[in-house]
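Q: One structure coming up, written as C-alpha cells, with questions to follow.
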Amino acid sequence: MPLSNSSELRPSFLLAGPPGCWLSVPLCSAYVLALAGNGAVLLAVRLEPGLHAPMYLFLCMLAAIDLGLATATVPRALSFYWGGSREIGFAACLLQMFLIHALSAAESTVLLAMAADRYVAICHPLRHAAVLTNSATAKVGLLAVARGVLFFLPLPLLLLPLPFCGSRVLSHSFCLHQDVMNLACANTTPSVVYGLTAILLVMGLDAVLICLSYVLILKAVLRLAAWRERLKVLGTCMAHICVVLAFYVPLIGLSVVHRFGKGLAPLVHIVMGNVYILVPAVLNPIIYGVRTKQIQRSILSLI
C-alpha cells in the first residue's frame with residue numbers, strides 16, 4: 001500500500017498506560033530512591049581515598065550506568081502519567097531505545113569484570129593487586145561503554161529506513177527495540193537477526209562467563225579445609241551474586257513476557273518494563289551498602 005505522506009515513515013509513538021496511572025507513585029518513589037542511593041555511592045567513593053580501589057570503582061560504574069538508565073526512561077514516563085503527554089517523537093524514541101540497550105550492555109560488561117575481580121582475588125590473591133590496577137579498571141569502564149555503543153548502535157540504524165503505517169502504541173512506557181520493531185509494516189528480518197545476535201554476544205556471553213567464574217571460585221573454595229574459611233570467602237561474593245541476579249532476572253523476565261506474553265494484560269508489560277529498568281538501580285546501592293562496611297562508614301560520615 002503506498003504511503004500518503006512522510007509522516008507515516010517518521011511517526012510519533014504512543015507510550016503505554018493511561019494518564020494518571022497509579023503506577024506513577026511507585027515509579028516516582030523508586031526513581032527517587034535510585035537517585036539517592038546511587039548518588040550517595042558515587043559521592044562516598046569520590047570523597048573517601050580509601051575506597052579508590054577496583055572493587056569500588058566498578059561499583060561507581062554500576063551506579064553511573066543505573067542513573068543513566070533510570071534518567072533516560074522514568075522522567076519521560078512520569079511526564080506522561082502526570083501531564084498526559086503520551087506521544088514520543090520518532091528520533092527521541094530511537095535515541096531512548098539506543099541508550100537503554102547500550103547502557104544495559106555496559107552494565108553487563110561491568111558485572112562480568114566484577115566477577116573476574118572476585119575470581120582473581122580468591123583464586124590468585126597474590127596477583128590481584130598487579131592484575132587489577134586502577135588503570136586496568138578505567139580501561140574496563142571504557143571497554144564497557146565502547147562495547148555497548150558498537151553492538152547496539154546498529155539497532156536504531158536498522159529501524160531508521162522502515163515505514164510505520166499501522167499501530168503506533170508501544171507496550172511499555174519507554175522504547176525498546178523489539179517493541180518498536182514490531183510496529184513496522186515492512187520486512188524486519190535483519191533487525192530480528194541482528195538484535196538477537198547482539199543480545200547473545202553481549203548479555204548471553206557475559207552470563208555464561210560469570211557462571212564459569214563462579215564454578216572456578218567454588219572449586220577453589222572447596223579446597224579449603226575449614227568450613228568457616230569457606231563461608232568467609234563465599235561471603236565476599238554474596239553482594240556481587242545478588243547484583244547479578246537483580247540485573248539478569250528482570251532481563252530474562254522481560255524477554256519471556258515479550259516472547260510468550262502476547263495474551264497478557266497490557267499492565268503486565270508496563271510493570272515488567274519498569275522492573276527491568278528500576279530494580280537494579282534501587283537494589284544495587286542497598287546491597288553493597290549493607291554488605292560493605294567501608295561504604296557504610298563513608299556514607300554515615302557524609303551524613
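Positions of Cβ are set from backbone N, Cα and C atoms, glycine also.
Residues or ranges marked as domain 'G-protein coupled receptors family 1 profile' in TrEMBL: 37-288. If you look up TrEMBL, you'll see 20-44, 56-82, 88-115, 136-160, 192-217, 238-261, 267-290 marked as transmembrane segment.
Could you place these features in context, so I can see how deep they sit and what lies close by?
A: Confidence over the domain 'G-protein coupled receptors family 1 profile' (37-288), given as mean pLDDT on the 0 to 100 scale, stands at 90.
Sequence-distant contacts of the transmembrane segment (20-44) (same chain, six or more residues past either end, CB-CB distance under 8 Å): 51, 59-60, 63-64, 66-67, 70, 74-75, 77-78, 81-82, 84, 173, 270-271, 274, 278, 281-282, 284-286, 288-289, 295, 298-299, 302.
Outside the transmembrane segment (56-82), and at least 6 residues removed from its termini, the chain residues within Cβ reach (under 8 Å) are 15, 17, 19-21, 23-24, 27-28, 30-31, 34-35, 38-39, 41-42, 45-46, 88, 96, 99-100, 103-104, 106-107, 110-111, 113-114, 117, 134, 137-138, 140-141, 144, 173-174, 243, 274, 277-278, 280-281, 284-285, 288, 294-295.
Sequence-distant neighbours of the transmembrane segment (88-115) (same chain, 6+ residues past either end, Cβ-Cβ under 8 Å): 10-15, 55, 58, 61-62, 65-66, 68-69, 72-73, 76, 137, 140-141, 143-145, 147-149, 151-153, 155-156, 159-160, 164, 174-177, 180, 198, 202-203, 206-207, 209-210, 213-214, 240, 243-244, 247, 251, 277, 280.
Beyond its flanks by at least six residues, the transmembrane segment (136-160) meets 54, 57-58, 61, 94-95, 97-98, 101-107, 109-110, 113, 177, 180-181, 184, 190-191, 194-195, 198, 201-202 of its own chain at Cβ-Cβ distances under 8 Å.
Outside the transmembrane segment (192-217) by six or more residues, the chain places 101, 104-105, 108-109, 111-112, 115-116, 118-119, 122-123, 147-148, 151-152, 154-155, 158, 177-178, 181, 237, 241, 244, 248, 251 with a CB less than 8 A from a CB of the stretch.
Cβ atoms under 8 Å from those of the transmembrane segment (267-290) belong to residues 16-17, 21, 23, 27, 30-31, 33-34, 37-38, 40-41, 59, 62-63, 66-67, 69-70, 73-74, 77, 100, 107, 171-174, 176, 239, 242-243, 246-247, 250-251, 253-254, 257, 261, 296, 299 of the same chain, restricted to positions at least 6 beyond its ends.
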